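Feature annotations, reproduced from Swiss-Prot:
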BINDING   130-186  ATP binding site
BINDING   GLU274, ASN276  Mg(2+) binding site
DOMAIN    104-304  domain 'ATP-grasp'
Amino acid sequence: MKVLVIGSGGREHAIVDACARAGHEVLCTPGNPGIAAQARLLASPQDAPTLADLAVREGADVVIVGPEAYLAAGVVDECERRGVPAFGPSQAASRLEGDKAWSKAFMVRHGIPTAQHRSFDTLDAALSHAATQTPPIVVKDAGLKAGKGVTIAHSVAEAEAALREIFTQTGAQAVIEDFMTGQEVSILALTDGKRYALTPPSQDHKTIYEGDTGPMTGGMGVICPFPVGEEQLNIIRRDIVEKTLAGMRAEGIPFRGVLYAGLMLTPQGPKVVEFNARFGDPEAEAVLPLLESDLAQHALDAARGQLDPAQVRFRDGASAVVILAAPGYPAEPRKGIVLDIPADSPEAKVFHAGTTERDGQLVSSGGRVLAVTGLGESREDALSRAYALADCIGFVGAQLRRDIGFRIGLGGKPN
């Protein structure tokens, strides 16, 4: 099968790796130097119609769209208009991620558990409401912000500052919601709009510094599987995944692709923190190396509305991801730092997230630069292998968290 992967980050490198392991011919646009070792890179303008034309011209059997911005731009719709199966939600269905105010209203309409909230389209109304709240206050930019549009404000003044920043943008909306307590977990469902298969639960570590301190990032590391009881998993399936898929069908915008539910396991049960419309990043770098079955075939089947969940199989054991971020990230990441990356092993691999080539050298080009994945029979083994490989990488000033897995007693700190 010929597979076209769209994107250039660590998530897309993990998608390419999964498809290549299954023996497929893999193309990628725009890609990165790490992806180039496993796929043929295609230079192309990145607008939706041109990408769909590229898929036709290259004879792609299926297109897998990585980043959310491409989904919001309608790449899947354009591919389908040309008769090319594409794995991902339509532009309309991707609103589940792209418009947090709409997404919250959708959850209310369909009885999907989430935090109490209010949405605002003017700064004055948002400020008035924030002044009545007791910290911590959760403030969200309603638009796409690459996982960095959330502020957990520990004072009303901090919430007001976050709101003022959001409303510097034309047409902005903000969501203010109650702060939830509990363990956070990522649940990803591969779905054809009705049938679905869950990946192993995983847990991201979203702040830049250890102990869940510092500014929010796109994610600094993952432990997988994260321990979720069978009773809670059944509630997640019934009250969140199945209600969401049924609700999208009922509203005439069936959701195909990867439904990512970011959840809080609260004392009152699992609740949705947010939905994403694609593989998480860095969750993809954790769950896809555990996939034993054929991702490209699952993507094609889902795009055709014919997914067989029983065919989606993951290996036993565990994975761990450690992100190496540039100095200055997330505010002002330094770019152009020379990288020296050792060879992968069967149980540890480096996925390129923000790299490029300059004057014959591999250098950093983004905030999150590398994702190092370790595999093992246990979470401890996986973490040990991820850190061992990360410590062999030459990357001056790299930021990484040494406490991945600490919430479940791993990573050198108690939960």
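Placement of Cβ uses the backbone N, Cα and C atoms for every residue, glycine included.
ALA162 (ATP binding site) falls within a helix when secondary structure is assigned with DSSP. SER186 (ATP binding site) and ASN276 (Mg(2+) binding site) are 10 Å apart (CA-CA, integer value). For the domain 'ATP-grasp' (104-304), the mean pLDDT of the prediction comes to 95. Considering only the binding-site residues THR170, SER186, ASN276, the Cβ with the fewest other Cβ atoms within 10 Å is that of THR170. For GLU274 (Mg(2+) binding site), the nearest neighbour among the binding-site residues ALA130, VAL138, HIS154, THR170, judged by Cα separation, is VAL138. Fewest Cβ neighbours within 10 Å among the binding-site residues ASP178, GLU274: this applies to ASP178.
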